[in-house]
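TrEMBL has this to say about the protein:
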type	residues	note
BINDING	T166, D240, E265, K295, D299	substrate binding site
BINDING	G331, E332, V333, G334, K335, G336, E352, N455	NAD(+) binding site
DOMAIN	300-461	domain 'S-adenosyl-L-homocysteine hydrolase NAD binding'
Amino acid sequence: MVRPQPSVASSLLGGCPQLLPRLGAPCDERVIASGADTISCLNIQYFYHNACSWFQKIGFCGIRFLISVMHKTDVFTDCYCIVILHFFLVHTQESLEDEVSPRNKEQKNSDGSKDFCIKNIHQAAFGRREIEIAELEMPALMILRKAAQGEKPLVGARIVGCTHITAHTAVLMETLSALGAQCRWAACNIYSIQNEVAAALAERGVPVFAWKGESEDDYFWCIDSCVNVEGWEPNLILDDGGDMTHWIYKKYPQLLKNIKGIVEESVTGVHRLHQLYKTGKLCGPAINVNESVIKQKFDNFYFCKESILDGLKRTTDVTLSGKQVLVCGYGEVGKGCCAALKGLRAIVYVTEVDPICALQACMDGFQLARLNEVIEMVDIVITCTGNINVVLREHLEHMKNGCIVCNMGHSNTEIDVTSLMTPELTWRRIRAHVDHIIWPDGKIIVLLAEGRLLNLSCSTVPVYVLSITATTQVLALIELFNAPERGYKQDIYVFPRKMDEFVAALHLQNFDAHLTELTDEQVKYIGVNKNGPFKPSYYR
C-alpha cells in the first residue's frame, strides 16, 4: 500500500515524530505485539479489530486529540499509538484514492492482465481471506466443485453477470469458473460491493468491473465493459434486477442470437422479463430463480430475518424494543423482517395489498393498516414490496421528527428519494449510508443507504443462507447450457422442483440430519417417487 508522505503523519502527531519509523510495516498482530511489552497480544487484537468503528464515530479531530493525550500522559503504549496512526494513514490514503475514479487508473494483476476495473488491486490478499471464510459457509458449491473435477459441465459457457459483488458471490463466480465457464462481471448494487473481494477476483483473472459508490454513469459503464468486448460474446446471462439483460437488448441486440438462456433471481428482474415476453422480445429461455420454493422459503425469509436488525443497529444504534415500526409488504421478505422485529419486542404494523398475505400478518399477531393511517406515529418505516413509489414525498412530509426510513425490497424505487432533492431540504451525511434530511422547520428524517437495499449495503449477510440461492443459480445455468436444442422454448420457467430438493439435500450435509425414507406402501399411497420430488410443481 502506498502510504502518505511523512509530513502528513508528522502534522497529525503534533510532536511525536519518533513513532514514524515504525509505520512502514503492515499493522497486523505480529507488528503490534512486537511493541507491546506489558500488554497481551489478545488485548491489542481486540483494540485493533474494534478501532475502525470507534474512530469513524469520533472522527479525525478526535483521533488527533487522543494522540495528544497519549503523548502528554503516557496513557497508551506505543503499540496503541501505532494502531491509531495506521488507521489514520490508511484512511487518508483511501480518501486520496477516492478523488481518482478507477476508470482513470491503470491497474494490472500479478499476471499482467488489465481486463478489470476496480478500486484497488492491492486489496486482493484481504479479499481472498474474505472469500475463504465464505467458502466454509457454502458447502453445496464446494461439493459441486469437487464433483466437477473430471467432467466440467460449463466448458464453452461464456457467462456475463450482474449481481452483488460480495464474498459469497465471489464463491459463486469461482465455482462457475471451476466448472469450466468464462465469466465477466458487474455489480447490481453500488453500495453492496466489497472492494477487497473485487480485487481478489481480479487478481485471480476474473474480469470484474465494480467499485463501491459508483455513480450512475459508472454503473452502466461497468455493465457495458462486461459486454462490449472484442472477440468475446456471452451465451448465458446471470442477472439480479434485469439491468444486464436490458442493456444487451438496448445496446447490443446482435448478441441475442447466441444467448442460450437467462437466469434471474429478483422480483424486479422477473417482472422485466415478463414485459419482454409479453412484447415478443424475449430472446430465449429464462429460469426464474426468485420464485423457486427454496429461495422463497430460505433466502428471502431467513436472510432478511438475520440481516434487518444488523443493518439498523450498525447504521443508527437504535434501540428497537418498544419502537413502533411499519413494514410495507408481508411477502417472505416482510415476514422475515417482522419476525426479527417482533423478537426484540418492537410494535409492528404491516401494510399489504394481497388479502392472503394480509390475513397471514393478522394471524401472526401484527396490526394491518394503511400507510397514511400510521405514518405520523411510527418510528421506523421499512419497505419490502419490490414495487415502485411505496413511500412518497407526501408520506415523508407527515413523518415524525427522527423517523428512520429504509428499504429491504430489491431495487431503489420503493422510496421516492428523488422528491427529496429539492432546495428547501438540506442533506447532511452523518456517517456511511446514513443521511439526515432536514426540513425547513428543523424536522429530521433519517434515510439509510439512499433508499437502496439496507442489508446488503449496511450489514453483514448470513452466507449459509445465500449459499442456497447461489447453488440454485449454478444449477440453473448448467441446465440451460446443457439442454438439448429446442429443449426450452422462449419462455420463463420456474426452477424445477426436483432441483429445489437437490439443493436442500446438499445443504443438509452441514447438519447432523437424517432424512426419513418412505416405504413402498407409503410411496404408492401418496403417489410420489421414492427419491422425489415430494411436492407437486404448483406447491408454494
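Even glycines carry a Cβ here, placed using N, Cα and C.
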Rounded Cα-Cα span from K295 (substrate binding site) to G334 (NAD(+) binding site), Å: 14
Candidate with the highest Cβ count within 10 Å, taken from the binding-site residues G331, G336: G336
Cα-Cα distance, maximum over G331, E332, V333, G334, K335, G336, E352, N455, record's NAD(+) binders, Å: 21
Listed binding-site residues T166, D240, E265, D299, filtered to Cα within 10 Å of E332 (NAD(+) binding site): D299
N455 (NAD(+) binding site) versus T166 (substrate binding site) - Cα distance in angstrom: 12
Proximal residue to D299 (substrate binding site) among binding-site residues G331, G336, N455 (C-alpha distance): G336
Mean predicted confidence [pLDDT] for the domain 'S-adenosyl-L-homocysteine hydrolase NAD binding' (300-461): 95
Under 8 Å by Cβ from E352 (NAD(+) binding site), counting only residues of that chain that are 6 or more apart: G329, Y330, G334, A358, A361, L368
Rounded distance in angstrom between the Cα atoms of E265 (substrate binding site) and V333 (NAD(+) binding site): 14
Recorded substrate binding residues, T166, D240, E265, K295, D299 - maximal Cα separation rounded to whole Å: 18
